[in-house]
Amino acid sequence: MALEEGARSCLMRFRHRLEEDIKPQYLMDHMISDDVMSGDEEGRIMSQPTRKDQAAALLELLLRKDNRAYISFYNALVKELYYDLANMLHDDLPQISPNALKSSSDGCTPYVQTVLSEGGVPQRPVVFVSRLELLNQVREKLYRLKSEPGWVTVFGMAGSGKSVLAAEAVRHQGVIEECFPGGVHWLSIGQLDKPDLLVKIQSLCFRLEQNLDSQSLHRPPNSLDEVKERLRFLMLRRYPRSLLILDDIWDSTVLKAFDIHCRILLTTRNRSLTDSVSGAKYEVEVESGLDENKGMEILALYTKTELTGLPEEARSIVRECKGSPLVVSLIGALLKEKPDRWRYYLRQLQQKQFKRIRKSSSYDYDALDQAMAASIEVLPDEHRELYKDLTVLEKDIKIPAKVLSVLWDLEPEEVEDILEEFVNKSLLFVDGHNKPCLYYLHDLQLDFLVEQNRTQLESLHTKVVRQYQQHYRDGPPISGDEECLYWIRFLTFHMAKANLSQELYSLLFSLDWVSIKAQIMGPAHLINDYVEYGPILDKENSEVRSQFQEFLSLNGHHLEQRPFPDVVQLALSQPLASEVYRQALMQAQDRARTGKLYFDWLNKSSVESLSRLVIHPHQGSIYSACFSHDGAKIATCGASKTLKVFKSTTGEKLTEIQAHDDEVLCCAFSPDDRLLATCSSDRKVKVWNVERAMLLRVFAEEHEEQVNHCQFTNTRRRLLLATCSNDKFMNVKVWNLNRPSSQNTMFGHFEPVNHCCFSPDDTYLSTSSNDGTVKLFQVSSANEWKTINVSGVFAESDEAVLVKCSTWTADGKRIICAARNAVLVFDVETSDMLLEIRTNRLSSVQYCHACPTSNLLAIAFSNYAVELWDLEANKKMADCSGHLSWVQRVQFSPDGSQLLSCSDDQTVRLWETNKVHTTSAVCLKRDSDVLFGDEEITVSAADNCNRLQVRDGRTGSVLFQSEEMSSRIRCTCLCRQPSAVALGQEDGTTQVLEVPSGRLLATLLGHTKTVLHCQFSQNGQTLITSSEDTTIRVWRWQFGEGKVLQGHKEQVRCFSLLSDSAADTRLLSWSFDGTVKVWDTESGEKLQDIEAHRGAILSCHVSPEGCFFATTSADKTAKLWHCESWQCVHTLRGHQDCVRSCRFSWDGRRLATGDDNGEIRLWSVKDGSLLKICSRDGKDGMDSLHGGWVTDLHFSPDNSLLVSTGGYIKWWDVERGEALQTFHPTGSALKRIHVSADFSTFVTIDSSGILYVLQRVV
């Protein structure tokens, strides 16, 4: 639009006067800011030799420009105080009608532009990115000024974009027409003294009077009171519905000059300024953060680059700018001038060299540090010192006032008042959603403080530690509130920063601190302390540091359980030489004096631990776990429908995402680790941004059945994602993330596909299916290249062969697949089978993975094991035992140094590949017997090679070991005199061997099925056995003679002599047939036949004095019977599951029963009433209350204590029904526990074959 004729002739008329008086350089700054003039045009004008020539060139240019340029020139004259010259141009200002071009998309029509130009509102910055949410908040508050005067305060820290936001809020036709038809008037204030303020308001009054008829012109007001009155008159009488915008107000005394009952929008760093003025008040807080994409947009606009064309430093620069619009714009403007300096400016930001990021915008400060310093300088001296103390805070951490109350040694109320002042001045932020409120610094403020106080950092951190020590000299806080959380989490950080290494040692090498921090924060933060401050701790004692770190890494899953375990008891399982054990033993001995129970694991030196870290990420099975390509992170997913990411060093949780509507079956990192893919039973495939936990893509349409597996390409060259599913035909797909649908579908399988995997160079995709084949597809063409018929290897069987997975060797020449109980290695080129690894026939292979850097292969099994094999030597190198359920997945780290495994037992375990060697520790079976002597403890049990072992319980050393037996050993019992051991086998044979020579004393043939239980009589002359063949046999074993007790209809799992007396020959037997029978062992006669229960009888116990016996059953009841009348005295109801075990107290007054839900009940024998229910205090992390079935129970001789076994061992206070101590074995599913007569020693074997001999600490 050309310049209006009136405006043109006015410029011509006063041209000579203007050329004489104006200084073009100052005026052009404003005109460039208003976007009516370019930098090139400014350059051409400034190249003129004299000021007058420059002025002439500027006027010449104006005559060629449009109306907006004329209005901008007029406003520049007013701002630079050329009032008389502005006066001459005023009458010919172009007019633009309100209705002109109302349809402008952003509401900024020529009419709006004119109103804003006349009011001196700054133009949009050259580079502008909309912040719509904030903008709408400001406009919503402005609409409230429509009907009455008032104040809208836009507040935020330096450089948060307040001024741009205020200007943008009024750049809207609706806001101006409906709320402020009298116009919008902008006044930049800043830090002013009174004379400067007077000049500012005089300039505003002049501008307002200019727009009225010339008769109303007055002499300029000479005092603040006079000018305030003048402004009041103009705003109320002449501009009754106009808006006054005051930009960058610092001082409440300045604001009082504008307390004239009009409509005001102000920008400030101090939100409390309007407390000093009257009228309605509204606030909008400008949180400083631009999100990452907005920041990128600004850089792209400054450098005139497409978003996708920005260099990789761009995103890092935006992150370093911490979301500050000011800093992003400063950098953008610098890059506009010097587009090759991306890396240089990134380095300056990273090194906090704010002084080098010099002025390159219209901002009031030469550099960012001056903007920050200006905010702090207005504080009183004593508060400035307190603000300096905030230098020690960690980024993104919010703290309660009570922490600063300790640091400053002030009353909490006093601290809150000081913090309120900081918040009001935008020097600090407050999170009011929490009660108590939490306070935090913006990253830039923190960076600035650190830069300012770099030389004092150590002393500032020392002050924090000393104040803490002074305040908490009686012990650390344990309340669990925000203050306690801060100290527990960050005390080590402050000690390390203060270089107080001695204090750090004594804290982190203390079991008390470990216990408190683990209970309040969980184990991951603690492990992180040992990793992060390892170099400092290692100077004192690297061995102790690694002992504490190992203790936490291997017990982390226990430390996450609630109720929280006793850390001292856990630590007693550490090696004898460990400092952790030494401290635990001292504490246990100390506490034992007050009656507390602790148990030392006597034979632990014979057991070695192989896993490096145990994480308990999810409730429910874990189906997939994988390393990131840099090895720093682990992602896990499973039945809980969530995806979680952890640090691989400490197990600290980094991210948790509610990923799918059903079980998440697989997760995989992209080659650059920025993305994670997940697939689920809900038939969807999703792709996530790892760092921001943000969903980027959902592929929900194409798979019609559950998606079993997903994997990205291995190289970054071309990113693709492969998925496979249970679909009938379209079951393998390859996705390009930039497309909404799949790029290719691989056809060939007509049964579910369980797994897919790219070759190392991404040329081929291998797929493993329930059709018994592995197929190799060319990735580029999606054509099938070849089929490997895996089911052909299992030709001896008619059953379907399901191929679980495949993995490529590092050279891409061999492919390895898992099916049934075998792992098969094929040559890729010829499809020939090169190697077959057949494993235990009773377990199936769930998964296998080839090490990317060696010949090792990891195999996961359904029998809870993980094995490592050397493919070259075809030899098993290691057993990794520790999981308590099916192992679903194994994966080596990219450098091959670590191996992770995940399982249905809800844990992920990390193993160090070099440490995991073929372990010499032999696993024992859980069916065992124990003899307690004065000093010695003798244990007999079969081992995993089906040999019978007799061991010294105290040392774990083997006293005797038989040859490997041909038939599986199912039970064993020891005889004191003669010194012998009996063993019952699956083929029905019973053998008696001399100990320790191993000489065969007797072979007893008679049972036709598995021998389930055997027991010597007191004098050792008689051996009694019971069998799956429903019979019991009483042997005079030295003569090979025996009687058969026949009558049960189902297997007899156990029996019991009615008393220990040699004269009493009665035997009690019970069976799955629901009956109890009483026999005379001398005659073989059946004395009683009792129909006891409707369901199988699971246990039976005779009271110590022989008056009663108890039975428990799968029918969920227990019964008490009289031994003379053989009648049922009481039926005990209340258990919700099979009642698995029972035991009388030694005084015969109580009966304890345990069920398959982990519940223990205590009953009165006298009247059958329920006395107590144990285990009601909350679940212990597993599905059942006791970590499994309650399989065995024993009372102490004084009847005050009860020990029980299930998933772990628990000791109870009988009177109160409360748990006193818990021992967590490595494995689970304990079958029984052997207890010494004085209740001081306890022996059991867990599901992973480890023997535990526990002795009470005294």
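Yeah, the Cβs are placed from backbone N, Cα and C, and that goes for glycine too.
As annotated by TrEMBL, domain 'CARD' applies to 3-92. Averaged over the domain 'CARD' (3-92), the predicted model has a pLDDT of 86.
Among the features that TrEMBL reports, repeat 'WD' is placed at 657-698 (among others). In the repeat 'WD' (657-698), the DSSP tally of helix, strand and coil residues is 0 helix, 24 strand, 18 coil.
Counting residues 6+ beyond its ends, the repeat 'WD' (746-787) has Cβ neighbours under 8 Å at 705, 708-715, 717-718, 720, 722-734, 800-808, 810-812, 815, 817-819, 826, 828, 831, 852 in the same chain. The feature repeat 'WD' is assigned by TrEMBL to 746-787 (among others).
The repeat 'WD' annotation in TrEMBL covers 880-921 (among others).
According to TrEMBL, the feature repeat 'WD' maps to 1004-1035 (among others).
Per TrEMBL, repeat 'WD' is recorded for 1045-1089 (among others).
Annotation source TrEMBL lists repeat 'WD' at 1090-1131 (among others). Counting residues 6+ beyond its ends, the repeat 'WD' (1090-1131) has Cβ neighbours under 8 Å at 1050, 1054, 1056, 1058-1059, 1064, 1068, 1070-1078, 1137-1144, 1146-1148, 1151, 1153, 1155, 1163, 1165, 1167-1168 in the same chain.
Only residues 6 or more beyond the boundaries of the repeat 'WD' (1132-1173), in the same chain, are considered here, and those with a CB under 8 A from a CB of the stretch are 1095, 1098-1105, 1107-1108, 1110-1114, 1116-1120, 1184-1199, 1202, 1204, 1206-1207, 1212, 1214, 1216-1217. Feature annotation from TrEMBL assigns repeat 'WD' to 1132-1173 (among others).
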